[in-house]
């Protein structure tokens, strides 16, 4: 039996660490939290200074029994849960269950799961930091008080299964506020004039800028006609040439929030998927002869700090690969409000390149690792240098301007460009070499009518970014928050953008009227600040809870008395039940909308809502191909005669047969491109627009 017992959260992490520590250490997993507040009751005694009642989580009995058995036999027990508040709380709960000494230096933390980092952490064990535990306890108790007080009111007055919470209610508010902006938006007409100009054999474009040396707004067609009427022929003169050198710095390495945003934009990953794959990379990948190694640092962080060791290694890689001129000379600065002493998300070793790791990784693991690796290495590279040119092109009182840009030195852009910045403005726009006084010819003057557009709906990436900018919640809360408002059917995704549902708007209105603090951004931000102060030891968690609950309790009492019951009418489905003849209605279930008999519970008939795509089933030639959704909300295509016909396709059949093998053709989408391919052979053709 090993003298030392080490407890971590997951089997994958346990497996990796045990290989590093050797035979004197036994590493086992707690499988996450082992204690929590009970689900069947509040679990917080508001009459006894908010004392929490912790119980062993249902189903964790065998795990706890196993932990106690090993702890009894070990000389030393080390708690090696994750290096954040949640991990500190897990360590504390384990310490209580195993009856370890409070003052024992048995807590070990490491930011990356590599041999050196793990061994070093065991040389410096410390006591459990109760300030961090208390900050996590305060968050948990706050969320319990909010959820278990508001939810029953919503169940009683609106509909069963609803919920509200400090972060999810603010996230829902953001989506609804944006929708109201869009509804209330009044488009305004405006015009632009673009000119195409020729100098010798070169052509370039410029936009109308000034009339009589002043900006002139083109609000109507009359304004445009005033400008075009003032033009005299096609000859223009270059009246000013401005040349500048512009430096562009690389983005910082990833935090949790920026990783979720960039993975959504570049890889089309949902926040939850990003965190799941990142956890796999952090906990350890089997590299065969090299053993199991954690490929990235801890993925729940809002710090952009980088260790000196990592900087040195990155500089060495960049120098060897690109040359000395590509290494960064600037000093990276941390972000205000970084939680604890974490690092940014980075590869545990720059020398483990994505290409070298590809054969050991799944497709998703490789794509995310490549993104993290490239972003980090680019952050340690030299800035890009751009040459910009601005030309003023004048005829009389009318001035056009052309802007051009060329890359003089690519620097970090050799490796990586952040998606949000990868726009038209960054693309090289070469202008002919012109000097003041040169003459150019206008080959085309093109007015165009436009209308102002409403603000766009939130994508998942933009919602995460906004939550972070407003300091709502923590990096670890973004993914579950977005998950919750979708599962509750408060919002739905349309073209990858969030739209509030009728139910979401009803719930929001009730919470807004009776629990205004819960959806108040400033209140939520202040609460996060107080949680930080608890972690720093500046205030007690009980004082923070009491400051909130004393007024919140009155809001709950008022809501119970005054909130009116809301009837959410079922939407008619437009057809009758084939069993009893009663009208069918649209219901919302766990996996979306479905049809149910209005005569429930006497008749329990239900049907999936299907949408015909106007194509006959290629298998039975009798049914129609209909669009369906899987339990994971992924669209697929099946036969309307199911279960008699079991035809299924992830790609959309188009109603034509392959000219090579006579099997059915499908529409296949990859990223932004769509093509028609054969479901059987290698035939393909361009999709018709």
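Heads up, the Cβ atoms here are built off N, Cα and C, so glycines get one too.
In Swiss-Prot this protein carries:
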- 298: active site, O-(5'-phospho-DNA)-tyrosine intermediate (ACT_SITE)
- 9, 82: Mg(2+) binding site (BINDING)
- 3-113: domain 'Toprim' (DOMAIN)
- 129-557: domain 'Topo IA-type catalytic' (DOMAIN)
- 163-168: region 'Interaction with DNA' (REGION)
- 577-603: zinc finger (ZN_FING)
- 617-645: zinc finger (ZN_FING)
- 658-681: zinc finger (ZN_FING)
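Feature map: annotations from Swiss-Prot on the structure.
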residue	record	Cβ neighbours (10 Å)
9	Mg(2+) binding site	23
82	Mg(2+) binding site	24
298	active site, O-(5'-phospho-DNA)-tyrosine intermediate	24
What else in the chain is close to the zinc finger (658-681), if you only count residues 6 or more beyond its ends and a Cβ gap under 8 Å? 618, 649, 651-652, 687-688
What does DSSP say about residue 82 (Mg(2+) binding site): helix, strand or coil? coil
Same chain only, please: residues at least 6 beyond the ends of the zinc finger (617-645) with a C-beta under 8 Å from a C-beta of the stretch. Say none if there are none. 591-592, 608, 610-611, 651-653, 657, 663-664
If H, G and I count as helix, E and B as strand, and all else as coil, what does DSSP give for residue 298 (active site, O-(5'-phospho-DNA)-tyrosine intermediate)? coil
Cα-Cα, residue 298 (active site, O-(5'-phospho-DNA)-tyrosine intermediate) versus residue 82 (Mg(2+) binding site), nearest Å, comes out at 8
Helix, strand, coil residue numbers for the zinc finger (658-681) per DSSP? 0 helix, 13 strand, 11 coil
So how many of the residues in the region 'Interaction with DNA' (163-168) end up helix, strand or coil by DSSP? 3 helix, 0 strand, 3 coil
